[in-house]
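These come from TrEMBL:
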- 57-134: domain 'GST N-terminal' (DOMAIN)
- 136-239: domain 'GST C-terminal' (DOMAIN)
Amino acid sequence: ASQSENVSCSGEENGTAQNSRIYPARSCPVQRGVSRSLLCLHITTSVSLPAVGSIMPEYKLIYFNARGRAELARWIFAYSGIPYTDERFENDEWPEKKKSIEGGKVPVLRVDGHTLPQSLAIGRFLSKKAGLVPEDDLQAAACDALVDTIYELMTEMYKFTFPEKSEEEIKKPKAEYFTTHLEPFMTRLNKRLGEKKWFVSDKITWGDLAIGMFFGEMKGLYSEKLEKFPSTTCPYQQS
């Protein structure tokens with residue numbers, strides 16, 4: 001999906017990037033359609049924000065000017081209302097930017113000057129801060145497994161969608177991906193959800209946010225095919 005399709009949680013509107021944006025608590029813009037209904041739940045759902053008078057850590061998320069592997073962190077920030085700086089850079093800026101990044105890979109999260117690499121580690125860290133990790137150890141592990149699976153699926157998707165290609169070029173791998181990866185996953189997910197509201201716990205977790213983020217990526221590729229799974233996708237597609 002192109003970067004101009006959404007008003008994202010990261011300061012990108014109508015295809016125009018804002019390379020460094022600070023979001024105050026509970027005022028981050030949300031994506032249209034696929035994410036709005038989910039992210040707006042932070043108004044009515046209890047999260048673990050710091051008590052009045054406590055000092056909020058200073059967060060800076062650094063990544064390319066794209067959704068990619070930083071998007072889950074942005075969703076968590078947006079849902080929880082935790083303020084952060086979303087620092088983006090263009091592809092041609094990466095060689096120079098890389099010199100200032102420990103390990104030479106992004107995304108990275110800077111927390112009061114300390115650097116945390118790896119997208120899943122960042123997601124787990126922020127989820128704990130936001131109260132999005134189940135207290136039950138088995139449920140927490142199930143949540144980790146769900147997010148790990150989604151990231152595996154995203155990695156396979158990126159193999160045929162990046163770098164950007166024409167619709168004709170991706171037609172065959174796109175069809176194969178749906179048959180071998182996406183449809184089996186959606187079938188399992190649909191069965192797992194059943195009549196429940198959330199996938200892991202009796203309240204929202206970062207696993208649910210990861211699913212919403214993933215559906216946002218898939219909607220641009222398989223909008224009609226996802227209609228086969230209304231009970232799974234509908235909660236994430238309300239506008």
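Any Cβ shown, glycine's included, is placed from N, Cα and C.
Break the domain 'GST N-terminal' (57-134) down by DSSP state and the numbers are 37 helix, 20 strand, 21 coil. With DSSP states grouped into helix (H, G, I), strand (E, B) and coil, the domain 'GST C-terminal' (136-239) comes out at 80 helix, 0 strand, 24 coil.
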